[in-house]
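**Q** Structure in structure tokens, see below.
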Amino acid sequence: MVSLMFHFGWTWIGLVISNDDQGIQFLSDLREEMQRHAICLAFVNMIPETMQIFKTRVKIYDQQLMTSSAKVVIIYGEMNSNLELSFRRWAYLGAQRIWITTSQWDVITHKKDFSLDFSHGTVTFAHHHNDIAIFRNFMETINTSMYPVDISQSMLQWNHFNCSISKNKKKMDCFTFSNPLEWLTQHTFDMVLSEEGYNLYNAVYAVAHTYHELIFQQIESQEMAKPKGLFTDCQQVASLLKTRVFTIPVGELVNMNHKENQCAKYDIFIIWNFPQGLGLKVKIGSYFPCLPQSQQLHICEDWEWVTGETLVPSSVCSETCTAGFRKSHQKQTADCCFDCVQCQENEIANDTDMEQCVRCPDDSYANLEQSKCLQRAVTFLAYENPLAMALGCMALSFSAITTLVLVTFVKYRDTPIVKANNCILSYILLISLTFCFLCSLLFIEHPNQATCILKQTTFAIFFTVAISTVLAKTITVVTAFKLTTPGRRIRRMMIKGAINLLIPICTLIQLVLCAIWLVTSPPFIDRDTQSEHGKIIIICNKGSVIAFHFVLGYLGSLALGSFTVAFLARNIPDRFNEANFLTFSMLVFYSVWITFLPVYHSTRGKGMVIVEVFSILASNAGLLGCIFVQKCYVLLVRPDLNVLQK
């Protein structure tokens, strides 16, 4: 029975048994076999033998069966019991189930209603036996008038026992037809012997063979003269009967020794109901336990001609989890009851009813159905990207503009406006800004270990030079005006070019920080598989995040110092005083990099690189514009203002 359920995928089964030793033993054996095939019991109705107890619980049994989602129910027990009464009651209540039982229950499954639906048929298991052709020929040619004894009564009993007669015929004379076909039409007589009939058929031959052997022995031992020994020695007959092995007329070997007859073959039938109560048994398969497990059950493929349907009804607690979903078992329920939960991101379930999802490798990604892994495409911020191309063009353009400004300042190095703002510091600032613009190009194209290290260190060092130069310029402005006040001792302390030492000192500190960064946890090539679906983005991992933020923090402290000094010197009266421009340039610098931090940490993949490049360009452009645009305007457009008196 379990092999049949496993074949059709029935995992949610109801069980109705008699509450006796035989039923309990059947339940124990069935549970053990079901566990091997992951089949669960939806309910177990143990029908008591006592009628009084049965009456008190009958509604509970009805409710269990009628409300259960199990479409397949096993019935096991004896006929003429409360179990049979329950079965008839459920048929009356219209319970449409697939009933699986033994062949002795064939007799009560014949109904008048026309039913060829597999969803509420009866599947029975019966011991295999060959068709007895001589019996069929006998029944087809029988003429009751040929016999001296009226066998109508015997045929009535046989018919009632074996195949359920039509209820519209009540008279005994209905068996007196001389035409057997007419008789068979009036009474739904099954031409195939039932299990009991076949056992009776074999028993007759077993007894015949036994007495034949006994008589043969008596003839050989010259004991035929003793007539009473033939039929009175029952012990001898029983002893011989247990050892009989013979072949019946249909060619089947019968072994009366049950201990040696362990490989009994079974036939599997389904009963279709035709009008007028004709129950047709259709063989749909067989089971032979002595074959290998994969060959034990055989289901015929041509039995579907009866209904023309190939769809087998389902009997499961939970529907099958399709590919892309895994099973999530519910608490305090059977293993067959579960929910289907979709696999998480980048996980797949490539089969049905999977217990766990499988994560795709890093170089693969799950398709939209999450049923298989696909190979990822390798990508990076390349110049083929329009935004990367625009950023690269901006970097080259700004570096070219900065170079032109430097050339302009060198050309007009003897003019008052250039001298008044310390031309050496202006040269250093412009050169550092040029390299800052160019270092942003290292962030574009395929990264490697060298570029990952270079772009972080060059960015940090050139920016340090630029900010420390701005700091030196602001200190120069303040110091210059303080030294012009008469009587100040600070004039004696000032040494020409001492302020210029500030730049290498600040740069050296940044070099030490970068060296510590590279020694402890340097940047390295990394692969981002999360940012873009189906792609691997090659990026540079910062390595030590703490070191990266220390470098940025040091730049921020230099910018804060420059802003503070420039802000204090903003009101010094002079046309060529650049303190106001330095203050505004630091405000722009701070605005860019304070905005950079949250945006940078909220983006992934190529977006992080784009944000970093844009921040470098924006902050450099802010310094270039705020500090040098006004000076270039005076040098190139208003030379009349570039005089010492102004």
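Quick reminder: no glycine exception, Cβ is built from N, Cα and C everywhere.
Note that TrEMBL annotation is computational and uncurated.
Pulled the feature table from TrEMBL, pasting it below:
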SIGNAL    1-18  signal peptide
TRANSMEM  387-412  transmembrane segment
DOMAIN    387-646  domain 'G-protein coupled receptors family 3 profile'
TRANSMEM  424-444  transmembrane segment
TRANSMEM  459-481  transmembrane segment
TRANSMEM  501-525  transmembrane segment
TRANSMEM  545-569  transmembrane segment
TRANSMEM  581-601  transmembrane segment
TRANSMEM  607-629  transmembrane segment
**Q** Under a Cβ pair cut-off of under 8 Å, which of the recorded stretches 424-444, 501-525, 581-601 contacts the transmembrane segment (545-569) most often?
**A** 581-601
**Q** When you look at the transmembrane segment (459-481) alongside the transmembrane segment (581-601), do they share 3+ Cβ pairs under 8 Å, ignoring any pair fewer than 6 residues apart in sequence?
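**A** In contact, yes.
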**Q** What same-chain residues lie close to the transmembrane segment (424-444): Cβ under 8 Å, and 6 or more beyond its ends?
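**A** Apart from its flanks, the transmembrane segment (424-444) reaches 381-383, 388, 391-392, 395-396, 398-399, 402-403, 405-406, 409-410, 418, 451, 454-455, 458-459, 462-463, 465-466, 469-470, 472-473, 476, 500, 503, 609, 612-613, 616-617, 620, 623-624, 627-628.
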**Q** What residues in the same chain, six or more past the boundaries of the signal peptide (1-18), come closer than 8 Å to it by Cβ-Cβ distance?
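**A** Result: 24, 26-27, 30, 33-34, 36-47, 49, 61, 64-65, 68-78, 81-83, 86-87, 97-98, 100, 123, 125, 268, 285, 287, 296-297, 299, 312, 314-317, 336.
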**Q** Taking 459-481, 501-525, 607-629 as candidates, which has the most Cβ pairs under 8 Å with the transmembrane segment (387-412)?
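**A** Answer is 607-629, with the largest number of Cβ pairs below 8 Å.
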**Q** By Cβ distance under 8 Å, which residues at least 6 away from the ends of the transmembrane segment (459-481) in the same chain are close to it?
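**A** Hits for the transmembrane segment (459-481): 421-422, 425-426, 428-429, 432-433, 435-436, 439-440, 490, 494, 499-500, 502-503, 506-507, 509-511, 513-514, 551, 554-555, 558-559, 561-562, 565-566, 568-569, 572, 574, 577-579, 582, 585-586, 589, 616, 619-620, 623, 627.
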